[in-house]
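Features as listed in TrEMBL:
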type	residues	note
COMPBIAS	1-10	compositional bias 'Polar residues'
DOMAIN	46-334	domain 'Sugar phosphate transporter'
REGION	1-22	region 'Disordered'
TRANSMEM	36-53	transmembrane segment
TRANSMEM	65-84	transmembrane segment
TRANSMEM	123-145	transmembrane segment
TRANSMEM	165-185	transmembrane segment
TRANSMEM	192-213	transmembrane segment
TRANSMEM	225-244	transmembrane segment
TRANSMEM	256-280	transmembrane segment
Amino acid sequence: MSLKPSNSSEVPILPVSDPPHDDDKLFKGSAMTKRSAFAAISYMSCAVLLVLFNKAALSSYHFPSANVITLLQMVCSCFFLYLLRRWRAISFSAGESLLISDNSTKFVSLKTLKHTLPLSGAYLLYMLVTMESVRGVNVPMYTTLRRTTVVFTMLVEFVLVGQRYTPSVIFSVGLIVFGAFVAGARDFSFDAYGYAVVFLSNISTAIYLATIARIGKTSGLNSFGLMWCNGIICGPVLLIWTFIRGDLRTTINFPSLFSPGFIVILLFSCILAFFLNYSIFLNTTLNSALTQTICGNLKDLFTIGLGWIIFGGLPFDFWNVIGQLLGFGGSGLYAYYKLIGR
């Protein structure tokens, strides 16, 4: 028997990752639902904007610690989730009634929290390795090697859940990887340690996305619930990490810490990070880890274009442009095959 609150019409319900209905297709014959398309487009939009705001904080204001920005984003996300759950605007579990008493001291059971530990571990590995991966490789080569994440994602999904892909999808992924190597072909400079760390970053990214897809289907949590568990587990770990590294002290001594412009940029960065994390969980659970990775490649084109217009500093190179277009074409093909169900 379901309980319906008398004021349910006044409570705005945000979209979560509950299974879609058959009549929710994007168009007749499409394999993608409206919610799936919304999740993919939301992720790409938030990702592009977040990169620009983070770029402004780290480059324009020369803020020295990316770890502290990540910590602030995580704290704000947990704060937003807490308020939204208290106001009964969201739930943390699929099919959970919003009439559940808010007098409870916890939103998620300890058993469920333990079930999401692999997700938090995968996130911390992904975060730490990704930060290290930019040190030993130049930017064009870093972008080139990172785009091979799609291949690692396909392999991890095959190992974890036995996912198989059609020749059409494999061709589109191959085109993305080929375009990435064309884009970085003029900057090939071998660094064994740098290459190893970037490929480890690719593997950790693939594991993280595949873990979201797997735990999202077995934990009983929706996208908000996964974000909440990830935040309350990883937040304290990241706080200790930034304290040990001295990032907190560096932040306190930052001369522009209370600058109105810097505070506004940090505020928008935290808000966008909340919606980005939500859209990542939603996109990965509604679609797949591979779709999430492809969306990441697709948004790169818009990030590069807007970054060049706003921040400049990107020299023109013919083969880089050709490679970017090939990658964009491969991502577009994947989106097309996803829509028609091939």
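Including glycine, each Cβ sits where the backbone N, Cα and C put it.
Predicted-model confidence for the domain 'Sugar phosphate transporter' (46-334) is 79, expressed as mean pLDDT. Proximity of distant same-chain residues to the transmembrane segment (225-244), defined by a Cβ-Cβ separation under 8 Å and at least 6 residues beyond the stretch ends, is recorded for 65, 67-68, 70-71, 74-75, 77-78, 81, 85, 91-93, 107-108, 112-113, 116-117, 119-120, 123-124, 127, 212, 215-216, 219, 277-278, 281, 285. Simply put, out of 65-84, 165-185, 192-213, 65-84 has the most Cβ pairs sitting under 8 Å from the transmembrane segment (256-280). Sequence-remote contacts of a segment are chain residues at least 6 beyond its ends whose Cβ falls under 8 Å from one of its Cβ atoms, and for the transmembrane segment (65-84) they are 14, 54, 57-58, 90, 127, 131, 224, 227-228, 231-232, 234-235, 238-239, 241-242, 245, 247-248, 250-251, 266, 269-271, 273-274, 277.
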